[in-house]
Amino acid sequence: MSQNSLRLVEDKSVDKSKALEAALSQIERSFGKGSIMKLGSNENVVEIETISTGSLGLDIALGVGGLPRGRIIEIYGPESSGKTTLALQTIAEAQKKGGICAFVDAEHALDPVYARKLGVDLQNLLISQPDTGEQALEITDTLVRSGAVDVLVVDSVAALTPRAEIEGEMGDSLPGLQARLMSQALRKLTASISKSNTMVIFINQIRMKIGVMFGSPETTTGGNALKFYASVRLDIRRIGAVKEREEVIGNQTRVKVVKNKMAPPFKQVEFDIMYGEGVSKTGELVDLGVKAGIVEKSGAWFSYNSQRLGQGRENAKTFLRDNPDLAREIELSLRQNAGLIADRFLQNGGPDPDDGDAAAEM
């Protein structure tokens, strides 16, 4: 820029609209067309594109109908809580719409048989099993910059081991190395993710902070950078078992939206994750239907429009599984009442005392 363009205008009588136009044209000449614009001038900027999580209840709790594209998502929780299952179901939903998906398997633990059962098209899933954290994040950066990938999952942040740690000896102390790696990578990635409209899901693990007297001792790995860059953070927990007589056939799962830049946060939803099947859609229809008043519950009996679905929740689920048209009708009614259901999620899942950090990040 020339010195004249940097001159500060001090005259109070100057026409502000003309001064603004001159400034905008100067910025566009220097940095290219589209480097600055009025937000409402481009309708595509305002609209939020989403991809379903595979859980109707979670889609409603997120407030925008699913996970937003062009954003960073973090899914964290204890071991065997359903983190990878939720990510794989999001991939399956994206593939149903013709999207291209990639899975960076830093843990080297992806089970292709289980992924296929969840509906993932393995023939069209890109997979990488990198040796180091730097390699994993370089691959992620290259795929995002290509603009051809719709959903990219990194499993997990805890397994992104810096090269210096791998080449060093056991017992070497390298404090903050992984946190610095994540901080640098996210600084590079965030603009590319927004421009390419790629959804990047980071799966994360939980660690315990030593010496915490008050509040939750839990924290996620990889430093604080991901907490700030993530538009949505999901805390997923196993809260019980789903049994058929004495046999355990699934997990009762609770997901809490601890951070959400797209809609009000702190909503929580509960659903069943069945072994070899994923999220139980029929179970969600029964539970959400009762919550919204669409499905009537009288004693142990469930009914819809005076038609009995079954005695007991499992029988009602079986009936809906055998009658997909009726299940689709209930789902349509639930989506039309999504606002009402979301308000009830907020009432049930207000912020816990431990969520102060998450609230402060917003």
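Backbone N, Cα and C define each Cβ position, glycine as well.
Quick caveat, the model's predicted, so the values are computed rather than measured.
According to Swiss-Prot, the feature ATP binding site maps to Gly77, Pro78, Glu79, Ser80, Ser81, Gly82, Lys83, Thr84, an assignment based on sequence analysis. For Gly77 (ATP binding site), the same-chain residues that are 6 or more apart in sequence and have a Cβ closer than 8 Å to its Cβ are Lys83, Ile206, Asp235, Ile236, Arg237. Secondary structure at Gly77 (ATP binding site), taken from DSSP and collapsed to helix, strand or coil, is coil.
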Quiz item: In the same chain, outside Gly77, Pro78, Glu79, Ser80, Ser81, Gly82, Lys83, Thr84, whose C-beta lies within 8 angstroms of the Cβ mean position for the ATP site?
Solution: Ile236, Arg237, Arg238
Quiz item: Are there residues of the same chain, six or more positions away from Ser80 (ATP binding site), whose CB falls under 8 angstroms from its CB, and which are they?
Solution: Arg238, Asn251
Practice problem: Please report the DSSP secondary structure of Gly82 (ATP binding site), reduced to three states. | Solution: coil
Quiz prompt | In the chain carrying Glu79 (ATP binding site), residues 6 or more apart in sequence that have Cβ under 8 angstroms from it | solution = Gln205
Exercise. List the residues of the same chain that sit at least 6 positions away from Thr84 (ATP binding site) in sequence and have their Cβ under 8 Å from its Cβ, in sequence order, or write 'none'.
Key: Leu110, Asp155, Ile203
